[in-house]
C-alpha cells in the first residue's frame, strides 16, 4: 500500500477511533490488503452503455436445477449483451425482509446455488452484491454467540438504556428502536433500526469493523464489481443526534473505498440512502473519496407523480436543477427496484398535498404505505409499497 493511501486511511481512522485504536485497525487493514489483493484492474468506469438488471436469485425458476443456473441460462438465451450488469439481490441465507436480514454473509443460500454458480455469472456480467452491513439477522451465528456470552462477540452489537431519550433519532420505521433480548447474563436491550430480527452492528468495535472489511474483500474476490452499501446512512449511532449521516459514517465509507481500491482497483461503491437529495449526494464526498455512485432516489416518485397527475412540471423542474456529477461519480438512475417507491427523497420538491394525493392513489390501486416515526409522536409516509406498473393502472 502506498504511503499516501495509508496516510489517508490512518487519518480517517484516528478521526473515528482515536490514535491507539486507529493504529491497531490500520495494522489489521494492511494485513487484510496483503491477504486479499488481486492482480489486474476491473473496468475503469461506467457510461451510458452500462445497463443493469435487478433481480432476485430465484425470480426465474426451473424444476430441475438451481435458480442461479436458470438465471444464467435465461441471460444467455434471451438477454445476451443487451445488458452488461446484473444486481443479484441478497443471495445469502436470511430470516426475514426478503433477504435483508442476513444470517451468514459468506454463504450462498443452498436453495439458490453456490459460489461457483455466482462465479460463472461474473464471468459474463458485471455483478452487484448487496453488503447488508448495518445490521444482521437475530438468528445469525454472530448474534447467537453474543447471547451465549461469547467474549469475541460482546461488542459486536449496541446495547442501550431503554429509559434514555431517543426522540432525536431519525427512524425509517414506526417500530420500537430497541429490542429486549435474553442474554445469558440477563435481559439486554439492543439497537434495531429496522426490525427486531435485524440487529444493528456496532462499528465502535474494531473487531467488528475489520470483520466487515474482510467480508467486503471476499465479495470482490467472488466477482463483485459493484458493492451496494445497504442502509449505510444509519451505520454510526450516537445519542442526542439523528444517528443518520453522521461524520463517522462518511469517514468509514471513505476507508472502505481506499481499502477496496487497494484490494481490487475498479470496484464501485454505491450507497443506498433513501433520503432527501442534498443528504443523498453528500455520499459523493469530494467527488474522489467516498461513494462512486448514489441512487437517484427522487426519480421514481417524481416520475410516478407525473403520470398520476398528468403534470410533469415538478419532474422537469427538478431535473433542470440537477447539477452534473464529477468525472469520477455518477447517479444510479432507476424507476423500480425491490423496494417500494420512497417518499423522503421528494421532501422539499413535492408539497404535502401532492404527496398525499400519491398516497391515496396507491391505496386505491391496492398498494400499501409504510410510515416512519418522526420522533415527536407523529408519523409520515415513508414508502409506497406497490409494483410500479400497478401504481399506474388507474391511468390505463
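Using N, Cα and C of the backbone, Cβ positions are placed for all residues, glycine too.
Owing to the predicted nature of the structure, the values given are computational and were not obtained by experimental measurement.
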Query - Candidate from 97, 279, 376 that TrEMBL assigns to the same substrate site as 135, 228, 229, 230, 338, 339 - result: 97
Report summary line: Cβ proximity for residue 230 (substrate binding site), under 8 A, sequence spacing 6+, ordered by residue number, returns 100, 130, 131, 132, 133, 134, 272
Requested in this report: Could you check the binding-site residues 135, 228, 229, 338, 339 and say which one's CB has the most other CB atoms within 10 Å?
Outcome: 135
Query - Three-state secondary structure, residue 228 (substrate binding site) (per DSSP) - result: strand
**Report entry** Close in space, distant in sequence - residue 97 (substrate binding site), Cβ under 8 Å, 6 or more apart
**Finding:** 194, 195, 197, 198
Report task. For the substrate site as recorded (97, 135, 228, 229, 230, 338, 339), determine the largest distance between any two Cα atoms, in Å, rounded to the nearest integer. Result -> 18
